[in-house]
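*Asks:* This structure is in structure tokens; I'll ask about it shortly.
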Amino acid sequence: MWNRQSWKSMSGQQLLRLVTAASAVAISYEGISQGVMGAVTVSPEFGRRMGYTNDKDEVVKPMLQGGIAAVYYLGSLFAAFWAGSFSDNYGRIKGMWMACFWCMAGVILQASAVNLAHMLCARFVAGMGVAFILVIAPMWTAELSAASHRGKQIALTFLANFSGIALAAWIGFGTSFTEVGGGQFRWRFEFSIQIIPVVSLAILSLLVPESPRWLVKAGRRDEALEIISKLRGDGDSQHPDAQKEYREIVTVVEEESQFAKTNYFKMFFGIGSGDIHLGRRIQLAFWLQVLMQYGTGIAAVVIYSGTIYHTAGFDTIKSGWLSGLLMLVGILGTAIAAFTIDRVGRRRTLYWGAVALGITLFIIGGLFRGSVNNPDKAVQYGTAASAMVFVYLLIFSSSWLLIPFIYPTEIFPTWLRAKGNAFGVAGWAVGYGGGSLLVPVMFSGIDEKTFYVFGAAMFAYIPLVYCFLPETAGRTLEEVDYLFASKSPFTWDEEKEFAKRTALLRERLNEGKASDLMDTKAFANTNAWSSIVGSTSLNHTMETITDKEIGPWDSPTANDFQGRQ
């Protein structure tokens with residue numbers, strides 16, 4: 001019971017910081033794991049032991065080298081849907097404990113690997129652990145954060161992701177100078193450092209409360225009210241913000257319960273979801289991750305950066321510390337996103353990011369071609385291309401990196417939020433794992449034109465965002481349900497429907513009495529949700545509401561919701 005009591009002595013802000021810290025520690029594991037593999041694969045002893053290098057430490061089996069990294073994402077793909085079901089059924093805290101178990105097992109197996117089969121199993125298990133983290137940690141933060149700052153809080157947790165990558169890169173650079181244990185210490189130590197965030201997360205998970213939204217779903221409403229009161233009113237259950245949020249959660253969760261027994265197959269195709277339109281949400285969550293992990297060209301830039309550094313005439317040591325410095329730029333970009341993503345909004349961030357990344361990719365490709373066509377100026381062109389790699393990562397980390405992780409935590413109903421987020425993690429695994437395998441093939445076939453392909457794709461994504469991705473910034477998780485109530489998948493129709501239905505929700509909530517806050521069952525049975533989402537006479541009911549034309553470019557951001565908690 002200790003974990004349920006310790007947070008009660010904190011203020012609301014202190015509690016939110018603690019939750020953010022716990023999520024950040026969880027996300028840092030994924031970053032360290034990703035960075036460690038990049039350092040380990042260039043370790044000579046590791047390459048010889050796994051069989052993808054020869055006696056001269058030359059890579060002779062690149063597909064095997066890539067496959068060792070990619071099996072990690074296969075494990076994530078396998079476990080993502082398990083993590084979603086487990087977290088929805090047993091809670092976010094127990095889900096994090098499960099993450100700690102699989103991550104710890106993965107660390108031990110990787111650090112102790114003696115052959116290829118051992119390492120492949122270890123990578124698969126490690127991928128399972130990171131799937132639990134990515135399904136639960138961002139969602140956990142989203143469910144405890146205020147609507148006006150939700151994006152910022154999740155973005156702050158992802159600062160730890162790039163911090164983990166940077167830490168692993170610098171440790172890899174440092175250990176590259178040692179041959180202790182015949183070279184084994186280098187890569188075994190790098191794998192071992194992953195245990196630090198796992199142990200830290202296990203401890204922090206004992207200090208933080210469960211998600212109040214999951215508690216309401218589980219019928220533990222008194223506990224949920226206590227947590228919401230702490231977060232929104234510093235313990236005052238009568239605080240207007242606490243009451244408003246609690247009433248919204250109870251109302252919506254009660255009526256969402258009809259979808260609790262659905263399965264992944266029905267969710268994917270939207271079978272029986274009515275105006276909830278789960279299939280539409282799943283496609284957005286999945287493909288947004290695929291576009292970010294593969295379609296933005298991030299894998300191409302990271303994989304090819306070594307070649308660009310070589311073209312610039314940088315030696316191995318300089319290339320090594322430049323790779324570490326590049327990750328520090330990622331931290332800066334993520335920090336920028338944390339303070340802009342709610343103010344600017346999700347859609348506008350994707351707009352400007354797509355334009356800037358597209359231009360940058362064309363420049364990188366052009367500079368590299370210039371170095372090939374002008375050998376006498378190869379160093380100058382290579383140096384300029386190296387600088388643009390840093391510019392690219394700064395833009396990427398401050399725009400497209402975070403939204404595919406934030407968006408799935410916002411668009412699914414409470415009953416199915418973890419299951420829905422699992423599709424986002426599946427998209428992450430497919431996009432990143434596929435990119436790791438396909439990008440080298442693209443470079444071998446079309447060389448620097450690979451950058452042009454991804455640059456052109458970035459501009460093609462703009463109309464997709466414009467048409468199909470409604471704005472979620474500044475809206476409560478309960479309100480977001482109304483964004484998908486429209487029969488049309490186009491954002492301009494969704495915004496019109498949203499305006500109508502949220503107006504009716506406010507009317508219903510205002511009709512409730514203060515005593516209903518405690519008599520939650522009576523309040524939930526007012527069928528507010530069904531009258532809002534399922535009413536066939538909605539248009540007649542809402543005739544008094546001005547049918548303002550709301551265009552997708554006018555989607556509100558956090559600035560339009562100042563004062564909302």
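Our numbering is plain: 1 for the first residue shown, then up by one each step along the chain.
Glycine too: its Cβ is placed from the backbone N, Cα and C atoms.
The annotation domain 'Major facilitator superfamily (MFS) profile' is assigned in TrEMBL to 19-473. The signal peptide annotation in TrEMBL covers 1-21. For 62-84, 96-118, 124-142, 154-171, 191-208, 286-309, 321-341, 350-368, 388-408, 420-439, 451-469, the entry in TrEMBL reads transmembrane segment.
Any idea what these are sitting next to in the structure?
*Replies:* For the signal peptide (1-21), the list of distant contacts is 93, 140-141, 144-145, 153, 156-157, 204-210, 223, 226, 230-235: same-chain residues at least six beyond its ends, Cβ to Cβ under 8 Å.
Non-local neighbours of the transmembrane segment (62-84) in the same chain are 33, 37, 41, 47, 50-52, 95, 98-99, 102, 116, 119-120, 123-132, 134-136, 264, 418-423, 425-426, 428-430, 432-433, 436-437, 440; each lies 6+ residues outside the stretch with a CB under 8 Å from one of its CB atoms.
Sequence-remote contacts of a segment are chain residues at least 6 beyond its ends whose Cβ falls under 8 Å from one of its Cβ atoms, and for the transmembrane segment (96-118) they are 22, 26, 29, 49-51, 64, 68, 79, 83, 86, 125-130, 132-133, 136-137, 140, 188, 191-192, 194-195, 198-199, 201-202, 205.
Residues 318-319, 322-323, 326, 357, 361, 364, 368, 382, 385-386, 389, 392-393, 396, 400-401, 403-405, 407-408, 423-428, 430-432, 434-436, 438-440, 442-443, 450-451, 454-455, 457-458, 461, 469 of the same chain lie 6+ residues outside the transmembrane segment (286-309) yet bring a C-beta within less than 8 angstroms of a C-beta in it.
Long-range contacts of the transmembrane segment (350-368) within its own chain (CB-CB distance under 8 A, at least 6 residues past either end) are made by residues 296-297, 301, 308, 311, 344, 381-382, 384-385, 388-389, 391-392, 395-396, 398-400, 403, 448-452, 454-459, 461-462, 465-466, 469.
Within the chain carrying the transmembrane segment (451-469), a Cβ under 8 angstroms from the stretch's Cβ atoms is held by residues 284, 288, 291, 295-297, 300-301, 346-347, 350-351, 354-355, 357-362, 364-365, 368, 407, 442, 489-491, 552-553, all 6 or more beyond its ends.
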*Asks:* Under an 8 Å Cβ to Cβ limit, what residues of the same chain, 6 or more beyond the ends of the transmembrane segment (124-142), are close to it?
*Replies:* 19-20, 22-23, 26-27, 29-30, 33, 71-80, 82-84, 86-87, 92, 95-96, 98-107, 109-110, 150, 153-154, 157, 211, 405-406, 408-410, 417-418, 421-422, 424-425, 428-429, 477
